[in-house]
Amino acid sequence: MSGRPARKPLLPGGDCFKKSTPASGRGAGTQRPPPPPSVPVACPGAEYGTLMAMDGYRGFLGLLVSALLVGFLSVIFTLVWVLHYREGLGWDGTALEFNWHPVLVVTGFVFIQGIAIIVYRLPWTWKCSKFLMKSIHAGLNTVAAVLAIISLVAVFDFHNARNIPNMYSLHSWIGLIAVILYMLQLLLGFFIFLLPWAPLSLRALVMPIHVYSGLLIFGTVIATALTGVTEKLIFALKDPAYHSFPPEGVFTNTLGLLILLFGALIFWIVTRPQWKRPNEPNSILLQPKGGTTEGLEGSMAINVGNVDKSDSELNNEGSARKRNFTLDEAGQRSTM
């Protein structure tokens, strides 16, 4: 009928198709489905950039500078102690060779190990790859282990040259246990975390143990250094005696306080969850069975960017095909 307007075809959802604007005289009056809506693509780089902003950055920076300053002062105080009060350094089986022991322990086993513990917390390194940071962490710990072994050689060499018994004091027991545990920690960390041989489930299972044992060993090293300083002062200071507050005793006690303060600063920095290195973009958390996401480094991140991308593309393609099928079916109904 000429006076009856044509009905507009309806979509299954009730929406109407709109006539497209004719172009160059062709396609006038034809009906086309609207273009599919754009699918937002996640930008992992932007999300990672938000994680790069450390919470409490100024506080972290102040504590980091304080720790570095106190640790450096501990090394300087140790050198001043052995060079000024203990007659210097040497390698001839005398007390000069023994003096290498406190210098190497404080420099390597205390200061360098403390830096190796907090190297993951430095926000300027968060843009670096995890493998690079693992290599730096392992390298610093290796240097500390080498210096600790040389310090033990100096002590045993001095004792044997002077016919002094070995391993009779509490200081020696704790120190040897700390060195053995440190070597085991270094070897296990190298084979499980640095080399790509260990399965991810094993890494996730060992990670909390690795973190806890590292802090335990560092605390044991601090206790060993303090007992060693006290033991040396008791044996060395005779006239004037240690209990009469001689200048060397006061100076070395100050060294002990610096070592203790350095350990406390390292413990505080490494146990703050807001200063933990964020997971890399396009990663998921792999935890041992029954594990939680809380803790220092108690979960493993696996990069699945390619998997996520392919899954997203497949989902988008499937949605587009389904949408086109629906629109074609609606067009056939409107034509009928």
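Cβ from N, Cα, C; glycine included.
Taken verbatim from TrEMBL:
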type	residues	note
REGION	1-39	region 'Disordered'
TRANSMEM	60-83	transmembrane segment
DOMAIN	66-271	domain 'Cytochrome b561'
TRANSMEM	103-124	transmembrane segment
TRANSMEM	136-156	transmembrane segment
TRANSMEM	176-197	transmembrane segment
TRANSMEM	209-230	transmembrane segment
TRANSMEM	250-270	transmembrane segment
REGION	307-336	region 'Disordered'
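Same-chain residues lying 6+ beyond the ends of the transmembrane segment (60-83) with a Cβ under 8 Å from its Cβ atoms: 54, 89, 99, 102-103, 106-107, 110-111, 114-115, 118, 121-123, 248, 251-252, 254-255, 258-259, 261-262, 265-266, 268-269, 272, 275. Here the transmembrane segment (136-156) has Cβ contacts under 8 Å with residues 91, 97-98, 100-105, 107-109, 112-113, 115-116, 119-120, 125, 166, 175-176, 179, 182-183, 185-186, 189-190, 194 of the same chain, all six or more residues outside its ends.
Here the transmembrane segment (250-270) does not lie next to the transmembrane segment (176-197) in space: the count of CB pairs under 8 Å, restricted to residues six or more apart, is fewer than 3. For the transmembrane segment (209-230), same-chain residues at least 6 beyond its ends with a Cβ under 8 Å from one of its own Cβ atoms are 101-102, 105-106, 109-110, 113-114, 117, 170-171, 174-175, 177-178, 181-182, 185, 188-189, 192-193, 252-253, 255-256, 259-260, 263, 266-267, 270, 295-298. Long-range neighbours of the transmembrane segment (176-197) within the same chain, counting only residues 6 or more positions beyond its ends whose Cβ lies under 8 Å from a Cβ of the stretch, are 109, 113, 134-135, 138, 141-142, 144-145, 148-149, 152, 167, 203, 206-207, 210, 213-214, 216-217, 220-221, 224. Across the domain 'Cytochrome b561' (66-271), the model assigns an average pLDDT of 96.
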